[in-house]
Amino acid sequence: MSIASKYEPAAAEAKWYAYWMEHKLFSSKIDHSKEPYTIVIPPPNVTGVLHMGHMLNNTIQDVLIRRARMQGKNACWVPGTDHASIATETKVVQLLKEKGIDKKDISREEFLTYAWEWKEKYGGIILEQLKKLGASCDWDRTAFTMDPGLSDAVISVFVDLYQKGKIYRGIRMVNWDPKGQTALSDDEVIMKEIASKLYYIHYKIEGTEDQFLTIATTRPETIMADVAICINPNDPRFTHLKGKKALIPLIHRAIPIIEDEYVDMEFGTGCLKVTPAHDINDYELGLKHKLEVIDILKDNGTLNEKAQILVGEDRFIARKKIGKLLDEAGQLEKIEDYKSNVGHSERTDAVIEPKLSLQWFLKMDEITKPAFTSVMEDVIQLHPPKFKNMYRVWMENVRDWCISRQLWWGHRIPAYYLPNGEFVVAKTAEEALTEANAKFGANWTLADISQDEDVLDTWFSSWLWPISVFDTEVFSTGQPNEELKYYYPTNDLVTAPEILFFWVARMIIAGYEYTGEKPFKNVYLTGIVRDKLGRKMSKSLGNSPDPLDLIAQYGADGVRTGMLFSSPAGNDLPFDEKLVEQGRNFANKIWNAFRLVQGWEIDKKLDGSANAASLEWFENRFHQALTEINEHFEKFRISDALMTTYKLVWDDFCSWYLEMIKPGFQQPIDPATHRKTIEFFENILKILHPFMPFLSEEIWHQIKKRTVEESLILASWPAEKGYDTKIIEEAVQVFEVVSQVRNLRASKGMSPKESLDLTINTQNEGLYSRFQAVLIKLANLSSLSFAENVDNAMSFVVKADECFIPMGDSIDVEEEKENLKKELEYTRGFLNSVMKKLSNERFVAGAPAQVVEMEKKKQADAEAKIKALEESLLKLG
RNA sequence: GGAAGUUUAGCUCAGCUGGUUCAGAGCAUCUGCCUUACAAGCAGAGGGUCGGGGGUUCGAAUCCCUCAACUUCCACCA
């Protein structure tokens with residue numbers, strides 16, 4: 001045999017991927033004779049690299065898309081990347097810094113030139129990596145969120161929503177990232193528990209020498225921005241302070257002592273410093289009491305002149321220093337350790353600064369309504385459904401979305417400011433100018449107007465993704481093009497739960513707003529890939545294997561199946577290289593099954609009728625498994641679909657079927673059996689293909705020469721056929737006899753090579769006769785006969801059939817008896833429980849007829865088995 | 001602080017609207033095998049009071065209550 005005994009994936013993977021690409025087998029075009037099946041990829045960051053989460057995600061998508069393709073659907077998987085504005089900009093800034101360039105010293109245009117260079121150089125690496133995994137995306141459709149068309153779409157949407165009154169500009173408290181120097185949406189802020197300190201600070205009461213009050217704060221550096229002290233009006237401890245003023249330590253500015261029931265008397269000292277510029281709650285309080293706002297921080301997080309002291313210091317350094325200053329001034333009572341939750345930027349990890357600033361917002365109240373009901377009413381289904389509740393809570397509490405970012409990399413906001421202090425929103429500067437001149441009766445030129453410096457939140461473009469990859473015009477025309485009409489709504493979306501709100505919810509919102517339709521039917525939420533210790537795999541922890549290394553080591557098919565062995569939807573995947581090893585072993589198993597079949601010579605003169613029962617069994621067993629697999633797929637139980645396939649292939653096909661029909665060493669096989677076996681193998685390759693595209697395609701073409709059109713990737717998914725459970729059950733019964741004989745050998749320490757005589761006492765001789773050849777081969781029998789009794793024999797009972805194996809004198813009668821008695825006792829107990837149920841009137845009356853029938857059958861089976869066991873015992877004397 | 005979910009074999013998980021003696025699967029473990037497709041393998045075997053307690057029922061892993069532990073999401077009181 002010339003084929004290697006170990007499957008070598010590398011060559012096959014390169015070969016078949018190139019083949020599929022060359023013949024454009026992933027590509028999809030409008031074809032009204034076919035039902036479309038569409039997936040849009042969750043676009044990875046354009047400068048990103050493949051991590052294990054992508055592997056899981058994209059494997060699932062590829063499995064779904066390949067199966068759909070084989071089901072005769074027009075499968076279209078649209079790939080692409082996201083410009084990831086803040087992440088990419090942060091990287092570019094970093095890169096420039098390494099070159100000795102400060103972003104502040106260069107113009108927007110220069111910066112963007114660098115950014116595009118970076119994008120051209122590193123963008124799309126991740127897509128190349130996906131190819132290694134076998135992803136069958138229609139690469140001709142590759143899109144980028146900053147492509148001209150997609151960018152136009154974003155601008156159109158902004159203008160449209162502004163005109164609809166849904167986008168507004170206003171001064172609000174936003175999450176400010178001092179490192180990225182931009183505002184962030186609420187969703188981009190991650191709360192982390194931080195060990196901090198609680199400073200207890202004395203504020204003198206104005207006009208007194210020794211009276212003071214104490215406030216507790218975690219942020220002493222903001223005292224210079226205090227505008228009031230707030231007490232609870234019902235707090236008896238502070239009645240004497242009402243109407244007085246307190247002096248801010250160090251700078252001695254007098255601030256009023258105000259009253260509000262917002263202050264919790266139990267918490268801290270009962271006195272609250274009010275700092276509207278640097279705390280969201282204080283800001284609300286400030287609005288209520290019409291307090292001044294004093295902002296002492298610059299955008300980069302250092303103190304400004306208004307702080308009067310420590311000007312220019314970073315907020316954290318200032319915090320330490322002011323502690324010392326307060327102490328020296330005798331106004332620091334104590335410092336306590338304190339745990340508090342502090343917001344961090346999702347991207348830069350900087351501590352978020354609540355900051356009052358002028359930003360653009362999208363009103364969320366109205367626009368979210370269709371998106372809300374569609375998920376609540378299962379028009380869009382989340383898998384697993386537990387995410388529905390999360391979705392509901394988010395939707396019910398969503399606040400207006402801050403969509404402006406003080407960055408350069410992204411879609412620039414199409415608002416133009418006019419000399420008179422007004423602004424207009426329009427797609428282009430020219431349109432803006434025309435509109436402005438008309439509106440204000442002016443004669444301004446382009447030089448007189450200036451565009452907003454900010455760009456839009458990344459998600460403000462990716463929320464259009466399922467639409468804009470097909471049609472970039474519909475947002476302005478309202479007329480869907482042919483592509484959109486055909487492919488949209490897409491079918492399934494596969495993504496991580498982390499971006500359920502960021503992205504999924506917003507796509508649904510945009511979908512209804514711009515097409516009046518859902519963007520997809522199903523959302524499959526994968527779990528997070530974790531290491532053995534349960535930690536999320538991340539670059540910073542260094543606990544993530546390099547996906548490409550894994551592919552090189554175990555093969556793409558091995559990695560794909562390995563990842564799917566244990567990842568039901570919504571469950572985290574505890575990654576263990578063992579899984580991938582199991583995947584590789586599976587590939588190897590299939591490879592070797594092929595080697596066996598491939599090596600057979602066919603002898604046309606041979607009669608294969610002895611194999612008829614085996615063929616019939618496997619045919620039925622295959623269709624039983626196929627039905628199960630299809631059911632699993634319908635329910636998005638991908639792991640279960642794989643496991644069913646795995647067991648069908650390994651246990652039923654390899655361990656049983658091939659062993660059953662395998663001719664002796666170097667013996668030829670009959671044509672009928674060979675033909676059926678190839679047919680079975682081909683069907684197996686078909687159901688394997690979505691999971692293991694490379695190996696299956698490789699073997700498919702080795703079985704026989706095939707044209708491009710006959711490639712497995714385009715083959716038809718096997719049609720479901722009925723199956724006869726009786727045939728399957730009977731075969732299982734025969735297998736059980738085989739196992740018992742083997743077991744008996746093992747327990748007696750006999751070699752498998754030692755053949756045995758088997759005699760069966762049965763009502764069903766026909767069954768065993770049909771499988772006679774199989775029994776003889778697999779149980780290694782020297783003879784198979786039927787009789788009521790055999791002397792000096794070991795015996796066991798399968799169903800109601802007694803099986804005897806004569807052992808001459810070596811048999812231990814007592815032990816045999818013991819074994820039989822044990823089984824008898826068990827079966828009697830079983831029968832007892834059944835009888836108990838059946839004699840219970842309330843059971844017979846109350847339980848469904850089916851259940852009662854089942855119980856009656858159990859009774860009959862158990863009685864037959866008991867009879868057989870009793871006979872066996874009697875025979876032993 | 002609010003909400004949801006989870007808890008079944010050493011590990012990862014199935015077990016649908018109660019009904020096989022229901023306690024399962026894969027992996028891992030143990031035993032015996034280099035049996036010419038495969039040692040990345042073959043043939044066997046062992047392993048769990050279904051988180052604790054209580055209840056409903058003829059019958060509970062499954063329904064209800066309660067306690068406990070873990071996870072996630074949302075909120076963020078200085």
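Every residue, even glycine, has its Cβ placed from backbone N, Cα and C.
The feature motif ''KMSKS' region', as given by TrEMBL for the ranges A:106-110, A:241-245, A:536-540, A:816-820, sits at A:536-540. Among the ranges A:33-43, A:44-54, A:704-714, the one that TrEMBL lists as motif ''HIGH' region' is A:44-54. Residues 81-84, 87-88, 91, 118-119, 122-126, 129-130, 133, 144, 496, 526, 528-529, 537, 539, 544-545, 547-548, 563, 575 of the same chain sit 6 or more residues outside the motif ''HIGH' region' (A:44-54) yet have a Cβ under 8 Å from a Cβ within it.
In sequence order, A:His51 are the residues near A:Lys539 (ATP binding site), counting only same-chain partners six or more apart with C-beta under 8 A. Across the range of the motif ''HIGH' region' (A:44-54), the DSSP-based residue counts are 3 helix, 1 strand, 7 coil. For the recorded site, A:Lys539 (ATP binding site), the DSSP three-state label reads coil.
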